[in-house]
């Protein structure tokens, strides 16, 4: 799957952007933390679209400035409304609460447990430890780390291959672009690509360019 982030500040703009993005991608990621104001009704609308609902905490590089309690309640509402995926951080102390809520409400939502390092790509043993912890909590493990070299890129591709079908792995930055292009072939559930001028992370490839490259490499 190709996932396109929706990074608008206005809810109506976000819904329109999602409709446009789905002409090119398979799924969108609503970055709810970037919206100026969001209601439970908005979450219901987002959940009708093939999407990942992400409300990234400020301490994990996001923009959510309201209470953690409100964030968790919005994510629960997405689960209640059967959003395709919700994303919650490995470092969030209440992530198991969301999994329990999903299980008790018989929701079809898959829970992504995520980890970010915006400075480096840790050693492979440390990354394996992260992924194993994530898979003990949620359905899908996700990590996004900053790649500085070919070695970093190879580490990330190696882990995609090891955990194929239950991982989303990303190398941020220019050196990590190859992880975005080859990710699907190496076992990542999805890869992120952006609409023109709307990247949500360093090194994100324009979706039209990505599709051209994927077509070329077969």
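Quick reminder: no glycine exception, Cβ is built from N, Cα and C everywhere.
As recorded in Swiss-Prot, the features of this protein are as follows:
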- 29, 30, 31, 56, 180, 200, 204: 3-dehydroquinate binding site (BINDING)
- 116: active site, proton donor/acceptor (ACT_SITE)
- 142: active site, schiff-base intermediate with substrate (ACT_SITE)
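Summary: among the recorded positions (31, 142), the fewest other C-beta atoms within 10 A of the C-beta are counted at 31. Using a 10 Å Cα-Cα cut-off around the residue listed as 'active site, schiff-base intermediate with substrate', the recorded positions 29, 30, 31, 56, 116, 180 reduce to 116. On the backbone, the CA of residue 204 (3-dehydroquinate binding site) and the CA of the residue listed as 'active site, proton donor/acceptor' stand 15 Å apart. With the residue listed as 'active site, proton donor/acceptor' as the anchor, the candidate binding-site residues are 30, 31, 56, 180, and the one with the nearest CA is 56. With the fewest other C-beta atoms within 10 Å around its C-beta, 116 stands out among the recorded positions 116, 180. Of all the Cβ atoms in the protein chains shown, 21 others lie within 10 Å of the Cβ of residue 204 (3-dehydroquinate binding site). There are 31 other Cβ atoms within 10 Å of the Cβ belonging to residue 30 (3-dehydroquinate binding site).
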